[in-house]
Amino acid sequence: MKILKFGGTSVGSAERMRAVAELIHDDQPKIVVLSAVSGTTNKLVALADSLLQGKREQATAQLGELEKEYRKFVDELLPSAFYQRRAEMVLSTIWDQIRSLTQKEFIPSYEKVILAQGELISTELFHLYLESQSVPSRLLPALDFMRTDEQGDPDLSYILEELEHLLSDRTGVPYFITQGYICRNCNGEIDNLQRGGSDYSATLIGAALEADEIQIWTDIDGIHNNDPRIVDKTFPLRKVSYREAAELAYFGAKILHPTCVIPAEQAQVPIRLKNTFAPEAPGTLISSEGSGRSITAIAAKDGVTAIKIRSGRMMNAYGFLRQVFSVFEQFQTPIDMITTSEVAVSLTIDNNTYLDAIIGALEPFGEVSYETEQTIICIVGDHLHRQTGFTRDIFDALEDIPLRMVSYGGSNNNLSILVASSYKKLALKSLNAQLFGQRLSVGEHV
Ligand code: ASP
Ligand code: MG
């Protein structure tokens, strides 16, 4: 059994959806996980936001826009009057549900219900299209098996149990279609796995079922060695390890949801990244086998704030860092990078919601300062700890750039450097030239 996940742009139009149907139709058993049509989740977020602000008329207008968009989508996807009617029936139930929420006093759980509709729509329409083409498939409702526990973590044993039950009779059905992103929480309420979470749905299903392979289909030829939007000569990587992929996803490579690698690694199921627009391209295979390259790739994460706490009390003391970290715990703000000296500690966060409160709570511990608009440049490699010489190349490349923080040794795969965001482009380009430039040309695979 394989799991194939298609992202929003891969099902972004009737034409794209038809292309996906063609891609999956090879008589091999599979579970197809779909995102919402690209743009839909953002629109649902905006609609829920209007309701949150009490702007009901605005929300109704936003709903009207969505209805119009999907009328066009259905027209293009399903030419036959019979299937158009079926699609209209499915969609009108969804619109009615959203409309009913716009008429009630808004409570936060409604937002989750609204956000879930994007994936419900895309899977229903895809399923109808397959049926219209006489391709046998069955809908596998994610809300019947995808669940998180009290901690908000996926409940793998429940997921497996329910999936096995739902899949127990597979006679005559090669393809199962399910929603990415959406789930229920431990109280059985509709919830989601955070934005971009469809990748996570796919790897959770793949891990639970110990699938042969999890394929994530996007609009790019796999993980590139650098950000192709900024650097000219990038190339897709043929293979990377789970660890390398996780670091790259966390530190800015937009292609993959950061936590989605974990279940696949635990179950040792390979993930293959593929391009819907170029299905014959080999893509990237993520498995326990590393890239075999000294430096695999460079990624950058923007919107980072560096916070420095300077205190004589830190010298030779224990418990100081615990106190500092407890502030971040209190404000539920994850820390990304940390560097310390004997009298100061610097750390970074990427969520400034509670920045002022955090700074206030840190002040009793010492002199606190912070800088926003920083970027983490993350250099990922295979077994960096066994290599020599690579740091010289990195620092040579960054010679003209002031470095705010450097973090190395936290894992064997990553060296991270914090720079002001204004230096990001220069840093990525210089590193690319120094680390990859001489050896490779555009489009070359490794
Ligand atoms: N539709 C959701 C989002 O836009 C989930 C996903 O696409 O992965 O975030
Ligand atoms: Mg995505």
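In case you wondered, yes, glycine gets a Cβ from its N, Cα and C as well.
As annotated by TrEMBL, domain 'Aspartate/glutamate/uridylate kinase' applies to 2-275.
Shown in sequence order, Ser35, Ala36, Val37, Ser38, Gly39, Thr40, Thr41 are the residues of the chain, 6+ apart in sequence, with a C-beta less than 8 angstroms from the C-beta of Gly8 (ATP binding site). Secondary structure from DSSP puts Gly8 (ATP binding site) in coil. Residues annotated as ATP binding site in TrEMBL: Lys5, Phe6, Gly7, Gly8, Thr218, Asp219, Arg229.
The substrate binding site annotation in TrEMBL covers Thr41, Glu119. Mapped onto three states, the DSSP output places Thr41 (substrate binding site) in helix.
Across the residues of the domain 'Aspartokinase ACT' (377-434), the predicted structure has a mean pLDDT of 93. The domain 'Aspartokinase ACT' annotation in TrEMBL covers 377-434.
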Glu119 (substrate binding site) versus Lys5 (ATP binding site) - Cα distance in angstrom: 12
Densest Cβ neighbourhood among Glu119, Asp219 (binding-site residues), 10 Å radius: Glu119
Rounded Cα separation (Å) that holds between Phe6 (ATP binding site) and Glu119 (substrate binding site): 11
List of residues, in chain order, with Cβ under 8 A from that of Gly7 (ATP binding site) and at least 6 apart: Ser35, Ser38, Ser198, Asp199, Ile216, Trp217, Thr218, Asp219
Distance [Cα-Cα, Å, rounded] between Arg229 (ATP binding site) and Glu119 (substrate binding site): 28
